[in-house]
Amino acid sequence: MTPSISWSLLLLAGLCCLVPSFLAEDVQETDTSQKDQSPASHEIATNLGDFALRLYRELVHQSNTSNIFFSPVSIATAFAMLSLGSKGDTHTQILEGLQFNLTQTSEADIHKSFQHLLQTLNRPDSELQLSTGNGLFVNNDLKLVEKFLEEAKNHYQAEVFSVNFAESEEAKKVINDFVEKGTQGKIVEAVKKLDQDTVFALANYILFKGKWKQPFDPENTEEAEFHVDESTTVKVPMMTLSGMLDVHHCSMLSSWVLLMDYAGNTTAVFLLPDDGKMQHLEQTLNKELISQFLLNRRRSDAQIHIPRLSISGNYNLKTLMSPLGITRIFNNGADLSGITEENAPLKLSKAVHKAVLTIDETGTEAAAATVLQVATYSMPPIVRFDHPFLFIIFEEHTQSPIFVGKVVDPTHK
């Protein structure tokens, strides 16, 4: 290979899926009452909260009439790992685009934060299945910088595969097999086509299989109307749950807020805006409010109705990350000289993010959570998620947002 050739890098960031799961009966309980208060955890949660909301708002800006589903953890992990081999403006843009203040946080602490987060997500003794994986696919005649390789393995638990990108079908199969296996077959054909000058690919996936602590009874699921907009209504299977639930109305957001726990240490926050208040919710929601919802748990007698659904997201990260200031890595001025020892310039030719979500009735009986139980209404409220709503799924120990979504039409997969 000669220095005049420009090589391409393919980034498959955040190939993720979230599906319901039945847990084994003999699974051991873990103590989830203690939040992880280490500086690394606090740092990553703060930045990921900002990053998740900026990314969400950019997706809304690009299309306000579509379902949204993505994993901020996966996207941030992939770009942070890539930053290990970047230099100059390319390096600065990546980390600042991920909402890190480089005057307050050292690069070493950033990577330690991601290392700690990935270790937390991949804990084998959790009551739910939550796992991540990073794969580096390197052309068989390309020599990587040893420091990049070491740090990618150490901080990001990366696996390295030697492939022949000249045989594009064979290389594509190796990458797709890695993702398909990691997501247990939920995401196939992550790569449909490889650019002919690709010599290096990075793939990141996240798999989450969880069960509700308070399950929905399938016998109570009935067909109901969901109002996509003022003129469009669709029929959906609507799940129903009654009892002591963590649901309240937030006047600041003009929205109902519902918190539902998965077995283990993961919580889903659902946000249902009042009529005509979706834009207000999207503009007002911030990480401080979300943190308060997670910390100040309260239950009251209520009934909720929420659609059973399967949605997915498929995004071109070049158009998504550019408004966040991450641009240099995608053009010929990219400095990724810390990745390979070769002289030819390397740029990120393509970056894609694919995500799949399924929400249904399955769950486990709840062990009583330690919460403040209050009754706000004289009559139990009935909250119907029968028009567009948002949701965020958090890992509770680190309070990191692992999934973010918006349901506009539950019938669109």
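Even glycines carry a Cβ here, placed using N, Cα and C.
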From the ranges 188-207, 248-267, 368-387, pick the one that Swiss-Prot records as region 'RCL'.
368-387
If you draw a 10 Å sphere on the Cβ of N265 (N-linked glycosylation site), how many other Cβ atoms land inside?
25
What is the number of other Cβ atoms found within 10 Å of the Cβ of N101 (N-linked glycosylation site)?
9
Could you pull the average pLDDT for the region 'RCL' (368-387)?
56
Please give me the CB contact count at 10 A for N64 (N-linked glycosylation site), counting all chains in the structure.
14
Reported as an integer number of Å, what is the Cα distance between N265 (N-linked glycosylation site) and N101 (N-linked glycosylation site)?
29
Between N101 (N-linked glycosylation site) and N64 (N-linked glycosylation site), how far is it from one CA atom to the other, in Å?
30
